[in-house]
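Swiss-Prot annotations:
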TRANSMEM  21-35  transmembrane segment
BINDING   H23  heme binding site
Amino acid sequence: MSGNTGERSFADIITSIRYWVIHSITIPSLFIAGWLFVSTGLAYDVFGSPRPNEYFTENQQGIPLITGRFEPLEEQNEFSRRSQ
């Protein structure tokens, strides 16, 4: 048989009024803050990822796929020149 650590049981915590008063405010607040973080575009700025309309340039609408086995550096340089 295990000893008592003096901590409240999980059932006691989630059935208490105090738990639900605190979490009925914090859980929706976190959800709304996350939604605003993404919907305003701040997530793109913070993490440095391109926005959906910035993945490809106007003259390049596909991924730069290197197909040459023996000349990959030349193909990469060609893709770089085309994208500028």
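The backbone N, Cα and C atoms fix where each Cβ goes, and this holds for glycine too.
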Cβ packing number for the residue listed as 'heme binding site', 10 Å threshold: 12
DSSP three-state assignment for the residue listed as 'heme binding site': helix
